[in-house]
Amino acid sequence: MRVMAPRTLILLLSGALALTETWAGSHSMRYFYTSVSRPGRGEPRFISVGYVDDTQFVRFDSDAASPRGEPRAPWVEQEGPEYWDRETQKYKRQAQTDRVNLRKLRGYYNQSEDGSHTLQSMYGCDLGPDGRLLRGYSQFAYDGKDYIALNEDLRSWTAADTAAQVTQRKWEAARVAEQERAYLEGLCVEWLRRYLENGKETLQRAEPPKTHVTHHPLSDHEATLRCWALGFYPAEITLTWQRDGEDQTQDTELVETRPAGDGTFQKWAAVVVPSGQEQRYTCHMQHEGLPEPLTLRWEPSSQPTIPIVGIVVGLAVLVVLAVLGAVVTAMMCRRKSSGGKGGSCSQAACSNSAQGSDESLITCKA
């Protein structure tokens, strides 16, 4: 089974942007739902976070003093009280549905009531530069392992094990994939367009990377060349090393793109080279904020100082996100889009699990 990549949420549509509008590059919206049971300590904790591209814009935590959908970006704060009331009710319904689903899944896997278990989901959509759907997602996981996922065709499911196959058969009989596809091709796309327009000064900006190459001797015979990209947005970037024009991907150490803590990102790629041959190696960088690809070499006369503070901040943020990611892999309850102002999941749909229907795993989107 393919690896599921977590990320996503959704709201009520008040107006669609024209299909002719274009944006630089592709954009994405992801919602992540996580429910963690805690036997003997009350109801499961439910957390939802939503992202547009690399920017978190909404959050809900059932453990908050007054649980509500909370804005996490200035451009979503302009949504009115009714919007936030709908979001809050949606999350509260989802929390209750997940409570039932956790109990059902525990039965599927013949687990006792003593241990803590985690139900996670991710859903959302990607748009191309023309504002049209590139890819839709609806993925679920249980206890950190894949459970079931909507395939790229948005018409079929991939189940991870025999328990998930039971869910798959029920969903196929109920034509759940059609409901998911209608949402992903409809409301998901429309809301992402809306957010991109409302937050265009932030979401559609392109900040080029600050670049340099550092040299780190390993011995008398070898050294590490590290190519740095700092302070860039959006997060998508390409770093490669070449030796005499030949790609060195197999020998390159490449870290994941990391948040810098200020809304930008950082990344580096390193290669070990024979001492004295450093000038044969070039770092090649491509990013939306660059007018053209960059080619960099180590300059022995100007060894730059590595900005340790910025790196430490980025690592700290990465750790926080990693912890959150461990609490968020991909499992939830969502229902079909109802059009108009009801959103895409009704109270009745979210409570189906009480009657034993696996349709309730489909996530609530409004």
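The backbone N, Cα and C atoms fix where each Cβ goes, and this holds for glycine too.
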*Look at the disulfide annotations in Swiss-Prot and name the partner of CYS283 from this list: CYS227, CYS333.*
CYS227
*Pick from 299-308, 339-348: which stretch is listed in Swiss-Prot under region 'Connecting peptide'?*
299-308
_Tally of DSSP helical, extended and coil residues in the region 'Alpha-3' (207-298)_ = 6 helix, 55 strand, 31 coil
_Other C-beta atoms that fall within 10 angstroms of the C-beta of CYS283 (disulfide bond)_ = 27
*Per-residue pLDDT averaged over the domain 'Ig-like C1-type' (209-297) comes to what?*
96
_Cβ neighbour count (within 10 Å, all chains shown) around CYS125 (disulfide bond)_ = 27
